[in-house]
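Peer 1: From TrEMBL, here are the annotated features:
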REGION    A:1-96  region 'Disordered'
COMPBIAS  A:1-15  compositional bias 'Polar residues'
COMPBIAS  A:47-56  compositional bias 'Low complexity'
DOMAIN    A:137-269  domain 'Yip1'
TRANSMEM  A:142-160  transmembrane segment
TRANSMEM  A:167-188  transmembrane segment
TRANSMEM  A:194-215  transmembrane segment
TRANSMEM  A:222-243  transmembrane segment
TRANSMEM  A:255-274  transmembrane segment
Amino acid sequence: MSHSDTIPLHASSQSDIDEIENLINASVQSGPATVLPARPPSPPRIPVSSSPFIPSNLPPLPSTHQKPSFVPSVPSAPPPPPVNSHSSIGASGFGSPPNTLTEPVWDTVKRDLSRIVSNLKLVVFPNPYREDPGKALRDWDLWGPFFFIVFLGLTLSWSASVKKSEVFAVAFALLAAGAVILTLNVLLLGGHIIFFQSLSLLGYCLFPLDIGAVICMLKDNVIIKVAVVCVTLAWSSWAAYPFMSSAVNPRRKALALYPVFLMYVSVGFLIIAID
Amino acid sequence: MDLTQPPGENYANPRTCFFHVLFKAAALAFYILSALFIDNFVIIFVVTVLLAALDFWVVKNVSGRILVGLRWWNEINDLGESVWKFESLEQESLARLNKKDSWLFWWTLYLTAVAWVVLGIFSLIRFQADYCLIIGVCLTLSVANIIGFTKCRKDAKKQIQKFASQTIANRVSSTIQSAFSVV
């Protein structure tokens, strides 16, 4: 970049931007440096950061046609040379650009993956934020739950010696519908949760049961299975407890928690019973 | 449709367009063809849903940004309320987006949803509940993207109008001010 920007960045983007900026500074700038007039900052629809996020780690396209350069609030230079080859998706070099609209594809992937990991850690493992559940899953996402549900279905299906397809379909439908119904249950009890946040939570809490299912798949002894399932069941319930209980009126806590426990118990039975 | 366009104009982002269409077409094709060749429902389910999920991700995060300059997501603010955020490029960049790209984007989005509905009807007729499950998931993903981007586009138009009227107001007031300073 020909100059450095002084606009404060969102913490999580900082290191990425630094890395990319260093690469840009080290490279030769090709193409016209489009300097466009700064536009007035728009109303808060750019929540993450409003600074020029230096773009693409993609190979710059030869400019056989006018490539629109996306204007940031500060003018900046065109794309740098490729950093890695991951972003095969997402074509041509993007001009200058701020905010998440024009960040490189690889960054989006990384961001999503790290979000899954951090959500998992927050929900399933002991951590200081457990007392404030609203904050814990602030950044909900449904990818983690999706993977866990499919994984559980696959594990159960693999363990089954007959009717594999039915087992998978039942497991998936049970978990997906169960999560939706449990969320509706809390909402109908007058609780304050956000639909997707709750779905996300219930999905992440399946992680211990996933582990239990894998262990049960490997070891065929009934006693071990029962023990493992009990442990993972308790772990799942413990993970889901603070979130669910804080969402409803204290007098109705049991009403909200009981169905969650019931669902996990039924999944536990499914794991034990599969042979 | 392309007659009025200059001869050189083509898809501005051919690779993005390709990927945008690729996963959608792959999910549909796999679903339709697999019923003929593969006997295992689990594989059909997992692969189809995986392709549909990948498509959802690609459209939401990549092609939406690149082809039409729109992005949407959900955040939970400090009060614990869920807020839907829409983001779009400003007016001049929007105007410079390739028409073909955006045409392809919107049309494939709608057509995929319609295709899934049609396939769903076939499954219903045949009373195949488990295939309806696949359809349900894929349809949910398609519809989510459609709703998200449509809302985002409307929001973008509103922002543009607001911005335009604001600019006009500013111009008018500065003109008046300069007029007064001259006098």
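The backbone N, Cα and C atoms fix where each Cβ goes, and this holds for glycine too.
Automatic, uncurated: that is what TrEMBL annotation is.
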Peer 1: Six or more residues beyond either end and a Cβ under 8 Å away: which residues meet both conditions relative to the transmembrane segment (A:142-160)?
Peer 2: 112, 116, 119-120, 167-168, 171-172, 175-176, 179, 196, 199-200, 202-204, 206-207, 209-210, 213-214, 216-217, 267, 270-271, 274-275
Peer 1: Would you list the DSSP helix, strand and coil counts for the residues of the domain 'Yip1' (A:137-269)?
Peer 2: 110 helix, 0 strand, 23 coil
Peer 1: What mean pLDDT does the predicted model reach across the domain 'Yip1' (A:137-269)?
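Peer 2: Per the prediction, mean pLDDT sits at 88 for the domain 'Yip1' (A:137-269).
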